[in-house]
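Peer 1: Please read through the structure below; I'll follow up with questions.
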Amino acid sequence: MRNNSEVTDFILTGLSHQRGVQLFLFALFLTFYLIVLPSNILIIVTIRGDPQLNSPMYFLLANLAFLDIWYSSITAPKMLIDFFAERKIISFWGCIAQLFFLHFVGASEMFLLTVMAYDRYAAICRPLHYTNMMSRRLCIVLVLCSWLGGFVHSTIQVVLILRLPFCGPNELDNYFCDITQVLRITCANTFAEEMVMIFSSGLISVVCFVALLVSYAFLLTVLKKNSGESSNKALSTCYSHITIVIFMFGPAIYIYARPFDEYAPDKIVSVFHTVIFPLLNPIIYTFRNKEIKTAMKKVVTRFFLCKKN
């Protein structure tokens, strides 16, 4: 693998050059980040510590919370520090690492959401066989496959980037490194690489998104034919999953399923994709799930009682 690079670092333009706007965004995004971390940690601790939350759905939810912690930490800390930096610089290999982990964790989340849709299908349409269809061993295998799929996907992006020459321009018009900005400043014709990336990132996003929407539409049709408390609970869970799917795949399709030209809404969509989306998972899943809320209250109560004692 050969890289004729003369660029040792990249300059990030950030979100704004106005000091007042930067301070406002710093306070806002720091608040988001300080909500994302403890809330997702609380979800994991709650699910791990409550024996009543031992179903495959909660096991997958705990893994999603873990990925959200990682995903939000890839870009947020660097962005918060850069609000106070005169020149927002990231090293070449730091940029590659950020790009790798962004796609690794992001793709893993997409595949995990697909696994969660299969879990809901098994629970709703095959309830008598649910235990066998979603055994703990199978759940672990599916989660590992999601991680492996994300790793392979991200490795493809990085290999394609490292093969390209960087011979001068080093300014990235964003607050983090991503393939869409890095490809624009290479000193080579990147049409073939761009097509491969659109296929591997954009097409996967579109196919998974459409498949998930069709799956949940089918499940909603099945559930609405039935009545009762269990059906209403399943409906609420499906609506939560659909909301997360739309918020996850919508920005990804906009960013990666088109030519990598620059458009005005790009930074806004990137902020939603990397900063706001990880905040939505704990909010949506927590507020729409009574079992999680009840178990969380017990965990928080025990924590404060232990501190008093």
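Each residue, glycine too, has its Cβ placed from N, Cα and C.
All TrEMBL annotations are machine predictions without curation.
What you are looking at is a predicted structure, and each value in this text was computed from that prediction instead of being measured.
OK, TrEMBL features for this one:
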TRANSMEM  20-45  transmembrane segment
DOMAIN    39-285  domain 'G-protein coupled receptors family 1 profile'
TRANSMEM  57-76  transmembrane segment
TRANSMEM  96-118  transmembrane segment
TRANSMEM  138-162  transmembrane segment
TRANSMEM  198-222  transmembrane segment
TRANSMEM  234-256  transmembrane segment
TRANSMEM  268-287  transmembrane segment
Peer 1: Do we see three or more Cβ pairs under 8 Å linking the transmembrane segment (20-45) and the transmembrane segment (268-287), pairs being at least 6 apart in sequence?
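Peer 2: Counting Cβ pairs under 8 Å, at least 3, so yes.
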Peer 1: Would you mind listing the long-range same-chain contacts of the transmembrane segment (268-287), meaning Cβ under 8 Å and 6+ residues beyond its ends?
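Peer 2: For the transmembrane segment (268-287), the far contacts come to 15, 29, 32-33, 35-36, 39-40, 42-43, 61, 64-65, 68-69, 71-72, 74-76, 79, 102, 174-176, 178, 240, 243-244, 247-248, 251-252, 254-255, 293, 296.
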Peer 1: Averaged over the domain 'G-protein coupled receptors family 1 profile' (39-285), what pLDDT does the prediction give?
Peer 2: 88
